Structure formats: C-alpha cells, structure tokens
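**Q** What TrEMBL shows for this protein is this:
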{"type": "TRANSMEM", "residues": "31-53", "note": "transmembrane segment"}
{"type": "TRANSMEM", "residues": "60-77", "note": "transmembrane segment"}
{"type": "TRANSMEM", "residues": "83-109", "note": "transmembrane segment"}
{"type": "TRANSMEM", "residues": "121-141", "note": "transmembrane segment"}
{"type": "TRANSMEM", "residues": "176-198", "note": "transmembrane segment"}
{"type": "TRANSMEM", "residues": "219-246", "note": "transmembrane segment"}
{"type": "TRANSMEM", "residues": "291-309", "note": "transmembrane segment"}
{"type": "TRANSMEM", "residues": "315-336", "note": "transmembrane segment"}
{"type": "TRANSMEM", "residues": "348-366", "note": "transmembrane segment"}
{"type": "TRANSMEM", "residues": "378-398", "note": "transmembrane segment"}
Amino acid sequence: LCTASQGMSIAVLGPTFPNLAANVRKNVSDIYYIFVGRSLGSLGGSVVGGVLFDCMNPHLLLALSMFGTTVGLYGIPWCTKSLLLTALMSVIGGAMGILDTGGNVLALNTWGAEAGPHMQALHFSFAVGAFVAPVLAKMALGGPEPKDLPVVEKTNQSVLATVQKALKQYFGADFLWSYVVIGTYLLFVSIFFFILCSKSISAREKAKASLQEGVLAKYHSALIALLFLFFFCYVGAEVTYGSYLFTYAKAFAEMEENEAAALNSVFWGAFAACRGVAIFCAACLYPGTMIVLSLIGSAVSSFCLAFFARYPMSLWVGTAVYGASMATVFPSGISWIEQYTVVQGKSASLFVIGAALGEMCIPALVGYLQGRFHRVPVVMYAALVTSIVTVLLFPLMYKLAQYPRESNLKEMRDIEHRKALLSNSGLTEDEE
C-alpha cells in the first residue's frame, strides 16, 4: 500500500505538469525547479528517515510521512503560486524519501532472510502505482465528446462531463482532482499504519534483535559505499533511458509520435511486468543469481542499443530486454546485501540517497552532452557505460562480502586457543 501510493504520487506529476504550470500562470519551462525541490526533499527525507527509523516506531514514522504526503497532495489543487507549489513538492519529496528508506528496512526486519519475494512485491507495487496515476490523470482530463455514439454512451458522456464540471468549479481545475483522489487513498493508508503503532514493537528493539541475530561484515563500510555507487549508476541509467527514449526515437530513429510513445510504453511495460514475475522467481532463486542475470541482460541489450539501434528490430527488442533487465536490480540488491551484513536505517538511507543522486545527476549530464553533440546518441552510450560500471562493481562487492566476518574469526581463534591449552595441559586424551 505504501509503495503503491509512492508510485502514484511521483508518476501523477508527469501528465499533469503542463496543467500545473497553467494553474500557477507560468510556462512549463519556467517551473522546472519544482523537480529540483522534490529531489532535494527526497534527499533530505532519506537522511532524516535513516536516522529516525533507528530510534522510533517504524509504523508511526511511515504513518507520519504518508500523512505529510496527503497534506501536500491536498494543497496542490488550491496552489496558485509557484513558490508555494515548489514547497509542497519538497514536502512530498521528503515524505517519499522517508517511505523509500523505511519501507525497505521494515521489510528486511519483518521477513529477514526470506524477504526476497516480499522485497520484489514491494517494488512491484510501486510500478503498479506509477501505472495507475497517469490513468487517473487522463480520466480527469477527459477529452472531446464523440459525435456518433449510441444514446446510452452519449448519456454516460454527459454525466461524466457534468461531474468534471462540478469538480472544476470546486477544485479550480478539472485535472487536479486526481491529486485529491490519491491524497485520500494515502490518508486511509496512514490511518491504518497509525492503528498498527499500538501493536508493534519499537524500531530500537528491532535493531537490537537484528544485531543479535546478524553480524556486520568485515568490510561493512566498503560494501555500503560500493552499493551506493552501484545504485547511483543503476537508477540513473533507468531514469535516463525512460526519460530520453521518446526524444531519441523521434530524433534518431525518425519515428512518429505515436510510435515513439509505444516504444516508451514497451520499456516501462517490460519493467513492470518483470517486477511482477520476479515475485515468484525470488522464491526459488538467490538474490545474487537474479542480479547476475539482470546485469548480463542489461549489458547485452545496452551493447545492441548503442551500436545497432538504427535497425528497428534491434531497437524494439533491445528496449524490451533492457527494461526487463533493469526491473529487479534494486530490490535484489537490498536482499543480497542483507545476507552478508546488517542493514539498518542509516545504511538504507545511503542506498536511497545514491539512487536519488543518480536520478538527478546522470539525466542532467546526458541532457547537457546531448545538447553539445546533437548527432551522437548519448542516451544509448550512457546506458552502455553504466551497464559496464555495474558489471564491474558487483564482482568486487561479492569478493568483499565473502571475507570471514569478525565473529567467525573470533570463534576460530577461540577454538584454536582451547586446542592449544588442552594440548599443553598434560592430560590424557580421555581426560581431555
């Protein structure tokens, strides 16, 4: 429920962005900073959430963050100032950062070593929410009334138009009621988590229990830093390809708008479908195996896209395979690292910060380079480079994770000391 609402809250901005600009009496190019505000809020929320999750009730923290998102979504329909809109987007981004950090840690604390399928389901629900939000926005926007329709369908169209007109009079714009619908959904989910607060143990007790059951890896800090870089490249590549694919299809592949939109839908459709299939695959495959398969698929597909995208079949198939390969990396990565070291709120916040920075920096860099080199398919080369970096990083992380843990080394030393003491005690073998 949490991640589905997170997906809806993030994805609803895209199709309603031009209308938001009109609502605050600005051009689309003049309010780009609302994305910056949301991203900065997400970074701040990730940092704050990582600290708070280790010292307060996790259900209470998630409930408060969802309630904050509800306030931001409810405020947007009446927002007519760009500065206020940016502030509300920052509030939503901060709450999303807390949800992203807390949701992953709560799943690990709840299911432990069996969190693989649940982690995949968690991120699949995000994809479902991201799919539902544009549908709600499209329903709110409506369209021209067809002329040649049966009487019943004309009646339905008239009823829908009447409802949209009433919503427009009440909310100020007909499309913005989708924000109210999503906000109401979030409000009910937050109430549900407030109820759970009285029946759950504190996050501090959870942290103590996890520390007693698991042990930090020998190179815990290095693993966290490498995974930070790993998610930086992965999420940056995912967002970059999804954001620039439509433009690439029109500029380089010379596609029509409908065909380019269909290609973009193939990428996100394969992405969401593979996340759904991964729920069942995670029950029989190790997280490391799923990561290796995903990295191989992304490397092969990005190579084909970088050098053979001029062929239509290679572009369509490569896009589908690339989207499917990118789907399971993030949830599988969190499940994988949990097998070797303890993942708490601060560690999870670093993962989310790395992902957020990648989402900000790599698309901006690709956009800048594409503006400088108009004839070079920068987005395809960026996909290839990031795939190579992740392919190189994972074996290094795996090697560091395989080193004996500190507790194992201590136990081995204790056994050797006992053997040495017994061998020097002069006792017979039976006495020993």
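Note that Cβ sites are derived from N, Cα and C of the backbone, with glycine treated the same way.
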**Q** Which residues of the chain, 6 or more past the ends of the transmembrane segment (378-398), have a CB below 8 A from one of its CBs?
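**A** Apart from its flanks, the transmembrane segment (378-398) reaches 223, 226-227, 229-230, 233-234, 236-237, 240-241, 244-245, 248, 288, 291-292, 295, 298-299, 302-303, 305-306, 309, 322, 329, 362, 365-366, 369-370.
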**Q** By Cβ distance under 8 Å, which residues at least 6 away from the ends of the transmembrane segment (60-77) in the same chain are close to it?
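**A** Distant Cβ neighbours of the transmembrane segment (60-77) are 2, 5, 9, 20, 45, 49, 52-53, 84-85, 88-89, 91-92, 94-96, 98-99, 102-103, 106, 171-173, 176-177, 179-180, 182-184, 186-187, 189-191, 193-194, 196-197, 203.
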**Q** Do any residues, 6 or more residues outside the transmembrane segment (291-309), come within under 8 Å Cβ-to-Cβ of it, and if so which ones?
**A** 237, 252-253, 315, 317-319, 321-322, 324-329, 332-333, 336, 377, 380-381, 383-384, 386-388, 390-391, 394
